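Enquirer: Right, I'll just put the structure down here and ask away after.
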Amino acid sequence: MTDVTVKALAAEIQTSVDRLVQQFADAGIPKSAEDSVTAQEKQALLAHLNREHGSGPDKLTLQRKTRSTLNIQGTGGKSKSVQIEVRKKRTFVKRDPQEAERLAAEEQAKREAEEQARREAEEAAKREAEEKAKREAGDKAKREAEEQAKRDAADKAKREAAETSKVSNQQTDEVSKAAQAEKARREAEALELKRKAEEEARRKLEENARRVAEEARRMAEENATKWESGSEEESEDTSDYHVTTSQHARQAEDDSDREVEGGRGRARPAKVARQKKSNKHSESKADREEARAAVRGGKGGKRKGSSLQQGFNKPAQAVNRDVVIGETITVAELANKMAVKGSQVIKAMMKLGAMATINQVIDQETAQLVAEEMGHKVILRRENELEEAVMSDRDMGAQAEPRAPVVTIMGHVDHGKTSLLDYIRSTKVASGEAGGITQHIGAYHVQTDNGMITFLDTPGHAAFTAMRARGAQATDIVVLVVAADDGVMPQTIEAIQHAKAAKVPVVVAVNKIDKPDADPDRVKNELSQHGIIPEEWGGDCQFVHVSAKAGTGIDELLDAILLQSEVLELKAVRKGMASGVVIESFLDKGRGPVATVLVREGTLNKGDIVLCGFEYGRVRAMRNELNQEVQEAGPSIPVEILGLSGVPAAGDEVTVVRDEKKAREVALYRQGKFREVKLARQQKSKLENMFANMTEGEVHEVNIVLKADVQGSVEAISDSLLKLSTDEVKVKIVGSGVGGITETDATLAAASNAILVGFNVRADASARRVIEAESLDLRYYSVIYNLIDEVKAAMSGMLSPELKQQIIGLAEVRDVFKSPKFGAIAGCMVTEGTIKRHNPIRVLRDNVVIYEGELESLRRFKDDVNEVRNGMECGIGVKNYNDVRVGDMIEVFEIIEIQRSID
């Protein structure tokens with residue numbers, strides 16, 4: 001055995017160096033930490049320690065560490081692996097024969113002492129049970145005797161009292177004799193009762209003793225079984241295990257575990273011995289799962305030896321589920337709804353002839369076929385089911401009542417629409433409009449002698465096509481205003497088309513009839529060409545001659561409107577939840593989103609929950625066209641409502657609903673659908689669009705951030721600006737909205753290099769700071785003409801100039817000379833204009849261009865000159881061209897740039 005140092009020996013036997021040095025010193029062997037220790041010194045130290053502490057039995061300690069992997073089922077059908085490490089430690093003791101005999105003798109003495117103690121305990125218990133039974137029997141007999149004596153005394157007293165009252169003094173002797181006889185009889189009965197009680201007590205005592213003996217015998221048998229198993233356990237522990245390899249040690253440990261736990265009444269299943277890991281898996285996954293199940297199974301209960309019992313019974317038939325399928329669904333979502341793996345769904349689709357991936361979106365019909373093929377019940381769900389349910393859950397009265405007509409005034413710009421309505425309302429509205437033209441839809445209701453009429457005043461400018469179309473859709477009657485001195489104009493024709501598209505009757509108001517050059521007959525002729533036939537010509541359109549300035553014919557116009565409404569028999573339900581249409585909307589800085597709503601049916605009350613396109617909210621306030629607060633609005637009444645979550649789009653349907661939560665869900669659903677449709681329309685990634693972009697070349701863009709006061713103006717301006725786009729310059733609206741110009745708008749304009757345009761709105765303080773810091777182009781407008789003209793000018797500045805060739809001189813070749821430096825030199829006479837050097841030229845022969853190049857040399861009498869005027873001779877050298885002949889014409893021109901503009 002090789003020598004080791006004290007330090008190494010301390011590490012080997014797992015003790016401190018200082019303690020080992022001290023033990024060597026106590027044994028008479030002085031050592032330091034770095035000194036070496038021989039085998040003789042080790043034996044001497046061991047002998048010293050045995051003398052000091054006594055020699056213990058030989059022991060063998062085995063430490064075992066096993067690792068395993070456990071798969072745990074997680075959420076979503078996924079499983080994760082958990083590493084488990086089990087550490088065990090067993091100590092085996094080898095004792096000498098003398099020690100074993102001594103321990104066996106001690107154990108035998110211990111068992112005998114326990115047996116003696118058990119017998120003494122049984123005898124003591126038996127004696128105690130007998131004494132207890134005797135005491136209970138005596139107490140019971142005593143109590144019964146006392147109770148009997150009391151009863152006898154009471155009976156005696158009663159009888160004596162009765163006898164005293166009935167018998168006379170002569171019968172006293174007989175009574176005393178009867179009493180003595182009765183007393184003797186009672187004493188005999190008492191003795192008989194006492195004897196019976198003693199017999200009962202003795203019987204119970206014997207029964208208790210027999211029961212105690214039986215219990216003691218049973219306990220003795222159980223203890224004997226335990227003692228025998230305990231002795232076997234100890235005898236096994238004292239056996240000698242000669243372990244030579246780690247495999248044998250593990251086998252011995254497992255055998256010992258089974259014997260020990262079998263003696264305790266708990267039979268653990270046999271553990272599957274794990275082999276060391278190698279590159280090839282030595283056992284299958286099923287074997288590993290079975291082994292782990294055997295190790296884990298039944299922690300809390302008693303189990304039989306090594307039986308592997310499956311705890312879950314597979315159902316006899318598949319579970320059929322109700323699968324709810326929307327309009328579109330992914331394969332993974334369908335598998336999740338059916339509680340199956342995605343691979344099974346893909347297999348089922350492949351059997352049906354459809355290839356799909358797990359994240360592929362499939363339509364409703366395909367999903368229905370797959371689900372039914374796999375045995376499930378399918379419930380088809382429409383995406384707008386919630387929207388339809390909310391819309392249908394409304395209280396409406398059944399009684400329809402006559403309502404006021406909704407009249408839209410349409411016509412060409414500056415034909416007097418607003419002035420006509422202004423006279424009817426006896427107000428001055430036109431002066432408030434910028435430039436004297438209407439740029440919003442104005443909604444008013446007026447009370448006449450014959451009833452109420454609601455008027456919608458639409459713009460006549462060409463930019464407000466969408467706004468006029470909305471007015472025609474929401475109306476009952478269209479009043480077409482045509483100036484008598486101007487006749488039918490483009491917007492007049494457009495108004496006729498809108499009225500025909502909406503199938504709305506038309507009443508023609510021939511305005512400005514008081515002007516000297518008014519010609520109503522010309523108006524009738526022009527309108528008849530577009531399908532508007534007067535009644536006097538056999539048509540169905542009423543013509544009324546009016547003057548908005550003088551008030552002529554206004555009453556006749558109102559009568560014609562009311563007559564037309566009576567023919568239409570306009571009715572609406574007045575009671576119940578209201579519905580209507582958004583005429584106009586805008587963002588007020590102090591009040592938030594404001595929407596002008598025309599109620600079609602029902603009654604709109606303050607506090608109602610309304611659903612309006614993508615927006616929803618509770619009506620916080622309602623105002624009429626005179627800016628007066630109102631609490632309710634019936635059919636055909638226009639009102640401004642406050643309280644929506646955002647600015648709705650003009651033309652959106654307004655519906656009163658019951659539940660604000662459902663209204664929010666429907667609004668969010670509509671926003672999502674709109675976003676999907678918007679994304680679907682973006683075709684930049686499509687092949688045909690890619691080729692179109694390749695062929696376009698470089699296209700300049702004018703970026704604009706547009707803010708206006710109302711939604712209709714935003715639509716009109718955006719549409720007009722986008723129509724200005726050409727193949728070379730395009731208008732791009734990078735941002736638009738309703739309300740003032742904010743810091744966000746300014747930041748967007750700075751990032752996209754855009755022009756900030758405000759139509760009837762202004763920038764706030766924070767936006768102005770950003771505009772000044774970034775030097776942005778901010779422009780305010782109140783008339784749409786000026787806005788469109790300036791954007792046109794900006795676009796024209798981005799157009800590349802047009803190149804034009806202008807002829808500046810013409811020379812005739814009279815002779816041809818040869819020059820060693822320039823080749824053929826043409827001797828020419830300037831017949832027109834001026835010949836300039838280094839200008840492009842054309843050589844013409846018989847008025848046909850045969851060459852186009854550059855004038856390289858220009859001389860007059862051997863002197864180089866820059867230009868030669870008309871009527872002078874000169875020599876011309878054409879660059880890279882020598883085929884000049886007499887009689888040719890040399891044409892000199894220059895290229896000039898002409899700035900283009902957008903019409």
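Glycine is treated like the rest: Cβ placed from N, Cα and C.
Marked as GTP binding site by Swiss-Prot: 411-418, 457-461, 511-514. Feature annotation from Swiss-Prot assigns compositional bias 'Polar residues' to 68-82. Residues or ranges marked as compositional bias 'Basic and acidic residues' in Swiss-Prot: 93-163, 174-225, 280-293. Marked as compositional bias 'Basic residues' by Swiss-Prot: 265-279. Taken from Swiss-Prot, the feature domain 'tr-type G' covers 402-571. The annotation region 'Disordered' is assigned in Swiss-Prot to 49-314. The annotation region 'G1' is assigned in Swiss-Prot to 411-418. Residues or ranges marked as region 'G2' in Swiss-Prot: 436-440. Under the heading region 'G3', Swiss-Prot lists 457-460. The region 'G4' annotation in Swiss-Prot covers 511-514.
Provide an account of the burial state, proximal residues and distances for the features listed.
Expert: Cβ neighbours within 10 Å of Asp414 (GTP binding site), excluding its own Cβ and spanning all shown chains: 17.
Confidence for the region 'G1' (411-418), expressed as mean pLDDT, is 76.
Long-range Cβ contacts of the region 'G4' (511-514) within its own chain (Cβ-Cβ under 8 Å, at least 6 residues beyond either end) map to 411, 415-416, 420, 481-486, 520, 545-550, 552-553.
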Enquirer: Name the secondary structure element type, per DSSP in three states, that contains Gly411 (GTP binding site).
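Expert: Strand, per DSSP.
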Enquirer: Among the binding-site residues listed here (Gly411, Lys417, Ile513), identify the one with the smallest other-Cβ count within 10 Å.
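Expert: Lowest Cβ count within 10 Å among the binding-site residues (Gly411, Lys417, Ile513) is Ile513.
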Enquirer: How does the region 'G4' (511-514) divide up by DSSP, counting helix, then strand, then coil residues?
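Expert: Once the DSSP states are binned, the region 'G4' (511-514) shows 0 helix, 1 strand, 3 coil.
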Enquirer: Counting by DSSP secondary structure, give me helix, strand and coil numbers for the compositional bias 'Basic and acidic residues' (93-163).
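Expert: Secondary-structure composition of the compositional bias 'Basic and acidic residues' (93-163): 67 helix, 2 strand, 2 coil.
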